[in-house]
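**Student:** Okay, here's the structure, questions in a sec.
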């Protein structure tokens, strides 16, 4: 089976590393000459809005999927004329727009923060009057890793905030006083079968994921799965979907969904029986899903900007390095490592040993 | 790090799948236009004896390794002028020649079958007189998967046997009445550190590996490791070495070594903390070795000639398919699957479910 992927970054690269053993062959459409997925597949060098390249891709593959959601809706609609595309244009349309996404949560009875649509500075002022401060103004689309947002703490912050984010459609979200951040990686097959990995505890630094720890019988697992299943069914979704939640007062408030494999699911490569990458591919290819059971205890630590010396990283006990072969650059995700252990106690020691390398 | 691999078959392919996450980039020298490793690296289309291509390879990589041992000694010697090569020319010279190999076992005090060098039909007749029948006549080099050998049961089989195998240097080996076949996958780092995976029980069909099951505290583990360590030290070996033994009267008789990652170690991809492929690359790259601990119970089943439908294979519980994307052909290794389980009992049920697909 030939799989086309929109985007050729580390997620595409890891999709190929998981799918090549299934006999799949990958083609990545990416405008970057140094797309890191090119090491493990064909690289179609072209823009996401180039009909010529999209058509070329569609003609050479059996199906198309995505490694990021910020794809123009027209791109997906164009592709769907020629080749099966998973997840669907409709799922991407909802997931890439914070207003559609939160409106869907509300319609499905999934608790989320207060929010308001902001299409102008006047809208923003009305929304602040309604929701109060502090609050967060975010662009409806294209935001990630803390980009495309501004925290509003006092009245002075509101002035010109809409212009600050570029005079584009925004959403104002009430501040959530949360006790923790968790994410659920769920997968839905073409036949509607849904499986969910154990909830993951996430720690962010400066808006970028730093550490994910797979949980052990989390008390909110069933609730998170219930919410995810509502969304997956609503969107008639096919593939992996990541669902980020805030833990609030012993319950969950939905933060956002990502219609793709997700950084907080990277631990599944070594830490689960079947990884999120393989399960995404099984789902889009119409194959039976694989087991989402944990294998021992696992944690994932991101390498942001740079990676310590390979010899030091792999010297940490049961440490699995994933170097994306990307040029080092401040703030850029260039790799991660998964730590696996038979004991939760020992896992903490391994995390400490790996974090010590980051500080040195 | 740029790694050159002599050979671009499934072993090269799995080396890249293990090494790409370490940030390594692979170039495969292989004369076959459809070399299956090309999907996950650069393919240098050329013969193993082409000095032009060997030089080109040496100039673009940091080190060279092998996915098969039947490389002309001149090839290795030529490469060693330009670039580090692991394992060394000397290790390959011994391992690729059954006479050198068995003579080394004898010199190191490692029990092996009776054997005699056969350079002519007259030599063969003298050897038969010494060793007796039944016996096996094998070419000294280039034999694999039951090829390049002839079983001699009675006097009539001896007539013209040397010519039957092509009038090339041979070895006559006494028949071994064994109770089982096991292999040890060992790895030695550049610094001399040696680690060994748990012994593997192997079942062959028609001379080709059919099933490997990783053992649990095998009583002969320490003995096998002792033998392997003698060989690794003698050869000043760097990388993974596979050591095949016959189980005879509660002890071991050495059958052969393979100076490379080995089919009977494929289960380590999912079944061990760090796979044989990653450990081979760690060793040749001078990195610390990874843990060889088992993760649960594992078995590996080869797909010879063809692979059942992907959907059927991955529907077996905790089954990990490795489709090499090679054209199906009788007798050809085209893929394997690893089964993993928390229970040895359940593992047997999974093996039965997978074997049922082969018969259908």
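Here the Cβ of each residue, glycine as well, is placed from N, Cα and C on the backbone.
Automatic, uncurated: that is what TrEMBL annotation is.
The ATP binding site annotation in TrEMBL covers A:98, A:138, A:143-149, A:173-176, A:181, A:204, A:255-256. Annotated domain 'ATP-grasp' per TrEMBL: A:102-285, in sequence order.
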**Student:** Just to be sure I understand the packing, how many Cβ atoms besides its own are within 10 Å of the Cβ of residue A:173 (ATP binding site)?
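**Tutor:** Neighbour count, Cβ to Cβ under the 10 Å cut-off: 22.
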**Student:** Can you check which residues sit near residue A:147 (ATP binding site), meaning Cβ under 8 Å from its Cβ, same chain, 6 or more apart in sequence, and list them in order?
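**Tutor:** Result: A:207.
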**Student:** Can you check what DSSP calls residue A:147 (ATP binding site), collapsed to helix, strand or coil?
**Tutor:** coil
**Student:** Mind telling me which of the binding-site residues A:98, A:176 has the densest Cβ neighbourhood, counting other Cβ atoms within 10 Å?
**Tutor:** A:98
**Student:** Hey, does DSSP put residue A:98 (ATP binding site) in a helix, a strand, or just coil?
**Tutor:** helix
**Student:** Are there residues of the same chain, six or more positions away from residue A:255 (ATP binding site), whose CB falls under 8 angstroms from its CB, and which are they?
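**Tutor:** Residue A:255 (ATP binding site) has long-range Cβ partners A:112, A:113, A:176, A:181, A:244, A:245, A:246.
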